[in-house]
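What TrEMBL says about this protein:
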DOMAIN    2-216  domain 'MacB-like periplasmic core'
DOMAIN    263-378  domain 'ABC3 transporter permease C-terminal'
DOMAIN    406-600  domain 'MacB-like periplasmic core'
DOMAIN    644-756  domain 'ABC3 transporter permease C-terminal'
TRANSMEM  263-284  transmembrane segment
TRANSMEM  305-330  transmembrane segment
TRANSMEM  350-377  transmembrane segment
TRANSMEM  398-418  transmembrane segment
TRANSMEM  640-664  transmembrane segment
TRANSMEM  676-708  transmembrane segment
TRANSMEM  728-746  transmembrane segment
Amino acid sequence: MNLIGLVAGLVSFLLISVWVDYEKSVDKFHEKDERLYRVLRNVNHEDGRLESDFVMSKPLADALEADYPEIDQTVLVFWEEEVLFRHEGKLVKDQGFYAGKNFFQVFSFDLIKGDAATALEGMYSIVISESLSNKIFGTVNSLGNTIEIKDYGNFEVTGVSKDVPDNSTLKFDYVIPLEHYVKDNDWVHAWDNYGFKLYATQKEGIAPEVISDKIKGTTKRYQPESKDEIFLQKFSDAYLISDFENGKPSGGRIEQVRLIRAIGLFMLIISGINFINLSTALAIRRAKEVGIRKVMGVTRGFLVMQFLFETSLVVLIAILIANAMAVGLLPYFNQLTETALVINYTNPDFWILVFSLWIIMTLLAGLYPAIILSGFNPVKILKGHSSQSRSNERLRRVLVVIQFSISVILVVGTFVIFKQNNYITSKDLGIEKNNIIQVPIEGEIKQNYNTIKQQLLANSSIKSVTATGQNPLEVTSRISGVNWSGKNPNEEIIFGMITADYDFLETFKIPLKEGRAFSRKFPADSSNFIVNEMAAEIMGFDDIVGESLQFGEENGVVVGVIKDFYNATLYSPIKPLIIRLNPQQTDRVFIRATTSDIQSVLGNVQQVFEAYNSEFPFQYSFLDENFERRYRREQVTSKLIQSFTIVIILISCLGLFSLSTYVAEKRSKEVGIRKVLGASVTSISLLMSGGFVKLVLISYIIAVPVSYYLVDSYLDKFAYRIDIGIDIYLLTAVIALLISVLTTGYQSIRSANINPVKVLRDN
């Protein structure tokens, strides 16, 4: 039993360490990691609030590189897009993006073929991944070949890159020069048109704070009315620290990584505590051995070294077993975390970790028992008296309290995270996301959209059809520079923008608050807008219907106000939103089925789309599943915490069991005397268990305020969160008491049923 808790703690710690190392390695493989940054902007609001945004404009990229010698290079990256490749009758779909011609000089994505400095120089050049090259050409030696991209033209393969590693946030199978996009899209030259991710490298030897301070007012220098402040964030930090509050980094995935890492440390601490308690509990059985050896002249120092050596062997065996178990459990752990982790035995850091664990666990788990054992009084021991002091007993009880306090905190945290995840996935979003099929617009679909729509609506199982340029539950398109009557010229507001077809509101069942939806009865609607309640409130109108809006070359009036729905994430408040009627700027079709048996509708939908777009393989997704996928990280974290909380509880139970074993052995004479005097099994069992129940109750009292503070801090990052109810704490209390009673009950009943004659004779 001494090994079980230690091995369980070590296995958990090793698995967690591998996962944490992977999370911390994301985007750190680039050669220029230490001086590679993403560029962000803080938008100043009139109320003093700062809103951080990472979507930037092309003119800003040009200005940063031209105006600041401290900046080495800038590179723009456009949003990912899936395209259809065609070569000698072979059709392949894959995903990539447009990027600046120096992309492969800024980022360390190795080219198997081609030159990183010139691969994206030509307007019709393309770099493809080795996987895509093998799919299309059957080899990585595809340099110089021509490949057609449907609707984009013919491109020459000027580079073949290694497949993007798993620990990269930039994923692609092709990269096309950004200039190819710019030539047909004049909108990119406007300062207030934001549509790119912008990255920059600084020159060596310059502090990033100095550059951030210098570039802060760049936008204002070119646009005096702008209140944007530009700043930098290290690129490899962005994965873990993606949230900003009032212009300052406020967290993100780093919170989950820290939480899981803390659980790993708790595993080590608790398993170490268990080892100490079990070792000292078992020490009684070696008391006479120690007494005899001390009488024979063995020094205390020698005994300490002996027990430390024995402990080091036990810990080493535990580490070897734990490592073997970690390797065996890794596939299941990968399935749980949705990763493909491996234990890298060639990494020196791994062996440093193992050696450190061996030394630290030996000292933590072995030094105290060694000192206690070697300090036994040989005279008292040989006379049958225990040398255990009250301070030693108190320490063991304190360690058990620490164990169960941690366990209670984790149980509360598990319940809260589980309830919050359920709250998110089941919350009324203001939009009906169920029974909606999403199909991308590609190939010939756009030209035949109206015909496709009518054929779909001919199916009685299809209620409505619309097309949009954005997923309404994840609006990433933003605009600024919107003007209306009475607007403060010094105020800059960022609005979400959705371009949509008719029947948008009907398809998503978004209720109108005022006005009307877009209608074919009103030809002028092609220039008009619908806004949400938040946008109407920001603009300051009691009745905004009929008011004019203007941005860029767009002029129109507001014809309707819709109820607010969640158009971003539940981490942030609802964003002001403008909806514009423009079927030509849509890239996906949404189809609402009238039946929950949505699979029965898919056959008809596929048949209609393939009739007009046979070259592209039919693809679809479900809106509700896409929404739930966005919160997958929280679900994975919740599963991890649940799994390791169970392990921690089991380890803590071992600790409680070890202490109850020790107490039972220590009080065996007392129990024998009580039985001779007529005490019942029940009364003795209650006497033996009562002390442990008190320890668990003390743990619970300590854990309640600590857990409340921790889970309340966790929930604060959500704009919409659950309340921490008393039900969670009542359920946790019941679990804690059940654990204590069941764990100690067996040993208490066993002690109460012992033969008093045998006990008193032996003592």
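Yeah, the Cβs are placed from backbone N, Cα and C, and that goes for glycine too.
Automatic, uncurated: that is what TrEMBL annotation is.
The shown structure was predicted, so the numbers you read here are calculated from the model rather than taken from an experiment.
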Same-chain residues at least 6 beyond the ends of the transmembrane segment (728-746) with CB under 8 Å of its CB atoms are 404, 407-408, 411-412, 415-416, 419, 649, 652-653, 656-657, 660, 685, 688-689, 692-693, 695-697, 699-700, 704
Which residues of the chain, 6 or more past the ends of the transmembrane segment (305-330), have a CB below 8 A from one of its CBs?
2-3, 6-7, 10-11, 14-15, 18, 279, 341-343, 354, 357-358, 361-363, 365-367, 369-370, 373-374
Tally of residues which DSSP labels helix, strand or coil - the domain 'ABC3 transporter permease C-terminal' (263-378)
99 helix, 0 strand, 17 coil
Over the domain 'ABC3 transporter permease C-terminal' (644-756) the mean pLDDT stands at 78
